[in-house]
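As given in Swiss-Prot:
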type    : residues                                                               : note
BINDING : R39, R45                                                               : NADP(+) binding site
BINDING : R132, S133, S134, N253, A254, G298, K313, P314, I315, P316, T317, R339 : FMN binding site
Amino acid sequence: MRYLTAGESHGPQLTTIIEGVPAGLYITEEDINFELARRQKGHGRGRRMQIETDRAKITSGVRHARTLGSPIALVVENKDWTHWTKIMGAAPITEEEESEMKRQISRPRPGHADLNGAIKYNHRDMRNVLERSSARETTVRVAAGAVAKKILAELGIKVAGHVLQIGSVKAEKTDYTSIEDLKRVTEESPVRCYDEEAGRQMMAAIDEAKANGDSIGGIVEVIVEGMPVGVGSYVHYDRKLDSKLAAAVLSINAFKGVEFGIGFEAAGKNGSEVHDEIVWDEEKGYTRATNRLGGLEGGMTTGMPIVVRGVMKPIPTLYKPLKSVDIETKEPFTASIERSDSCAVPAASVVAEAAVAWEIANAVVEQFGLDQIDRIKENVENMKKLSREF
C-alpha cells in the first residue's frame with residue numbers, strides 16, 4: 001500500500017490518494033472523522049483548531065461502505081481558506097499585486113523548513129515553503145492511518161498512542177492493564193497521558209511556556225498488540241519492520257528521535273539485561289519472559305507487543321521569536337511569527353499512532369495477501385496457528 005498527500009496549510013483543501021487497500025474492508029467517513037477529531041484535541045493547541053473542524057469526504061474507492069480495491073481518494077476542506085483566497089489562490093496575479101501582497105515572508109524561522117526550502121526551490125517568498133511544510137498536512141496522514149487501523153482491527157491487531165513526557169515532566173504511572181484501559185484513560189486526558197497527576201503538571205508546563213512566548217516538546221509512545229510472529233524480514237535491510245517504523249515516526253513534523261522497547265537504555269546494560277528469554281506457553285506457543293526489545297528481533301515481530309517511542313522537539317514558531325536574517329536586506333531581525341501551537345505533543349501522539357498503524361498494516365497486507373480482506377484474515381490466522389504449533 002502507499003499514499004500521497006497534497007495541499008497547503010491555507011489552501012482550499014487537503015487531499016490524499018490511498019492505493020493498495022484490499023477490497024471488502026468496511027469503512028465510513030465517520031470512522032475517519034473520529035480519528036481527525038482526536039488529532040485536533042489537546043492542551044496547548046493554537047487558535048487554528050478553533051477555526052477548523054476537520055471532516056473527510058471520500059470521493060472514490062468506496063461503495064456502500066466497502067472498499068473496492070481501487071484507489072481511495074479523500075479530501076478535507078480548510079475552512080480558513082475564505083480568508084486566504086487572494087494570497088493562496090492558483091490564478092495568476094500581476095507584478096504590482098504580488099509586490100503589494102500582504103503576508104509575504106522574508107524572515108526565516110530557526111528550526112523550520114523556511115530557509116532551506118527557499119534556497120532549494122529558489123522561493124523569495126517563504127510562504128511557498130511553510131504552507132506545505134506545515135504540520136497541517138498531518139491531517140490527511142491521520143486519515144490514511146484511520147484506513148490502516150480499520151484493516152488492523154479486522155485482524156485483531158490493536159494500536160494505541162499516548163504521551164510519556166512533556167518538557168521535563170515525565171509520566172511515572174504506566175501500569176495500564178490493557179490497550180483498552182490505556183485508551184479509556186488517555187482519551188479523557190487533555191494531554192493524552194495515563195498518569196493523571198503527571199498530566200496536570202504537563203498542562204502547567206505548557207501554560208508556562210505559552211505565557212513566556214515559548215514552546216515545549218516531549219515524548220510519545222505507540223503500542224501495537226495482536227501481531228503474528230514473523231512480520232517483516234531479516235533478509236534485506238529495507239524490509240526490516242523496525243527500520244520502516246523508525247522512518248515513519250521520524251517523518252512526522254518536528255520528530256527527532258525514535259527507540260524501541262528499552263531503547264537507548266540498552267547502551268548502559270549488559271546483554272543479559274537486554275535480551276528477552278524465550279518461553280513456551282501451551283496457549284500462546286513461543287513467547288518472551290520480558291519485552292525489553294519492544295516486540296521486534298532481527299527486523300521481525302516476535303508476537304509480543306510492539307513498543308515504539310518518538311521524541312518531538314518544541315515547535316519552532318515562537319511568539320517570542322529567535323534571531324534570524326531577512327533574506328532581502330541580509331540584516332538581522334527577529335523571525336516571522338505564524339499562528340501556531342505552544343505544544344502539539346498530545347496531537348502528535350495521534351499522528352504517531354496513525355503513522356505506525358500505516359506501516360504495520362502495509363507490512364501485514366504485503367505479507368499475507370494484497371487483494372481481499374477476507375483472504376488476509378485467513379492467512380493471518382493460519383500464521384498464528386503455525387506459530388502456536390511450531
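Cβ atoms here come from the backbone N, Cα and C positions, even for glycine.
In this structure, the C-alpha atom of I315 (FMN binding site) lies 16 angstrom from that of R39 (NADP(+) binding site). S134 (FMN binding site) falls within neither a helix nor a strand when secondary structure is assigned with DSSP, and so counts as coil.
Within the same chain, residues at least 6 positions away in sequence whose Cβ sits under 8 Å from that of R39 (NADP(+) binding site) are D54, T138, T139, V142, A347, V350, V351. Listed in sequence order, A135, G217, M312, K313, P314, I315, P316, A344, A348 are the same-chain residues at least 6 apart in sequence whose CB falls under 8 Å from the CB of A254 (FMN binding site).
Secondary structure at R39 (NADP(+) binding site), as computed by DSSP, is helix.
In sequence order, E8, S9, N253 make up the list of same-chain residues 6 or more apart from S134 (FMN binding site) whose Cβ falls under 8 Å from its Cβ. Neighbour count (other Cβ atoms within 10 Å of the Cβ, all protein chains): 21 for T317 (FMN binding site).
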